[in-house]
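Participant: I'd like to ask you about the structure that follows.
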């Protein structure tokens, strides 16, 4: 009788350990998926914020305003320059009329 109890325990313990690892795996996958959705939403809102100037025609307004998309500095308004890396109009550190 004592031998039967010890022979059952390791099987039961193996099942418990397996269930614990399975639960940790499910939690890890769920956490990763949740974080991935947050990052995707953040990236989408960030890119939408800076690409919103496509709705305005540059010929109608004459120049591109602050953080507007550009290819060269001549497209940007006064006191703005086209940023080399990000390709948007940024302040060129000049002041005056």
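Each residue, glycine too, has its Cβ placed from N, Cα and C.
Okay, these came from Swiss-Prot:
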DISULFID  63-77  disulfide bond
DISULFID  70-82  disulfide bond
DISULFID  76-89  disulfide bond
SIGNAL    1-33  signal peptide
Participant: Please identify, among the disulfide-bonded residues 63, 76, 89, the one with the smallest Cα-Cα distance to residue 82 (disulfide bond).
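Facilitator: Ranked by Cα distance from residue 82 (disulfide bond), first place goes to 89.
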Participant: Which of 63, 76, 77 (the disulfide-bonded residues) has the most other Cβ atoms within 10 Å?
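Facilitator: Most Cβ neighbours within 10 Å: 76.
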Participant: Can you give me the same-chain residues 6 or more apart in sequence from residue 89 (disulfide bond) with a CB-CB distance under 8 Å?
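Facilitator: 64, 65, 66, 67, 68, 70, 75, 76, 77, 80, 81, 82, 83 - these are the non-local Cβ neighbours of residue 89 (disulfide bond), listed in sequence order.
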